[in-house]
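I have placed the structure first, in the form of structure tokens, so that the comments after it can refer back to it.
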Amino acid sequence: MPAPQCASCHKARAALRRPCSGQALCGTCFCAAFEAEVLHTVVAGRLLPGAVVAVGASGGKDSTVLAHVLRELAPRLGISLQLVAVDEGIGGYRDAALAAVRRQAARWELPLTVVAYEDLFGGWTMDAVARSTAGSGRSRSCCTFCGVLRRRALEEGARLVGATHVVTGHNADDMAETVLMNFLRGDAGRLARGGGLGSPGEGGALPRCRPLQLASQKEVVLYAHFRRLDYFSEECVYAPEAFRGHARHLLKLLEAARPSAVLDLVHSAERLALAPAARPPPPGACSRCGALASRALCQACALLDGLDRGRPRLAIGKGRRGRDEGGTPREPGRVRTPVPEAVPTF
Ligand SMILES: [Zn+2]
Ligand SMILES: [Zn+2]
């Protein structure tokens, strides 16, 4: 049976059915619809004219699609873009991913800045963190450390390039997994903070926005395919966070029964409001680095503090102790002003 006609232009043959709506579209009309939907999310997330936007670039499919779409939309939005990549110090993995980011920056003529954990966090690379926490049966700790540190590194990189906003490539599937995990852990504070289209930038942090948060992973992959985008698709060498894997599996089962389950979960989180008694106390400032913190130290400083004492503790969830197995940093872990590797590409 030949493919049906595109439901939008009524000229070309359809190349796909949109996973959520079932609408049959040609590649051109799909890409236009995808971009229009991201534009809508971005406007709702208050990326206003004049914004200098730091795009968290990892070389992976999500951030590649994000950078490409924002570059298409930038003239209409009146924003300028800066790619900021984080070098976590993961031997054999990050080098290839950073090479993909460099190719993108060169092709799209976007300025690229790379910030490294090693420079920012007192000599700690992700490989050193992994060595230090190995063998303690804490499979999720690597991803937990990395998530906290990457968020901080991206913020530092964004400040370095004079950005007014930070955008990240989280798609609807990532968001829905996070919502499920927070529900399953009973983490009401995170549920409440994680909703919405980003954070307005409390306590001096830069405002954040997730332009792809209503785009499903399948559509992100389709967009990359039709736009012929070159991205790096290998998984990180460290085991993915175990609990997220379960949430992902559960979500796939839900989606098979109800195709809108992913977006339904994302929208549910947006509309959640916490009862006054469940609201976390207003955050203060980290006593070490001044970043937003709900305790004396912010999450990044607390993790680095634990590493430096050879007793990695997780600031997220229940604190657990690990063994001291090397990974000696050059100096006490401290969030420092980075030494940038600015790569102007034109
Ligand atoms: Zn069409
Ligand atoms: Zn701090």
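If you go along the chain as it appears here, the first residue is 1 and each next one adds 1.
Cβ atoms here come from the backbone N, Cα and C positions, even for glycine.
Where the annotation comes from TrEMBL, it is an automatic prediction and has not been curated.
These numbers come from a predicted model, not from an experiment.
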**Request:** Kindly point out which candidate in V86, V115, V129, V237 is recorded by TrEMBL as part of the ATP site with G56, A57, S58, D62, G169, D174.
**Result:** V86
**Winner by Cβ contact number (other Cβ atoms within 10 Å) across the binding-site residues D62, D174** = D62
**Request:** Based on DSSP, name the secondary structure state of D174 (ATP binding site): helix, strand or coil.
**Result:** helix
**Complete:** Summed over the domain 'Cytoplasmic tRNA 2-thiolation protein 1 C-terminal' (284-314), the DSSP helix, strand and coil counts are 10 helix, 4 strand, 17 coil
**Where G56 (ATP binding site) falls in three-state DSSP terms** = strand
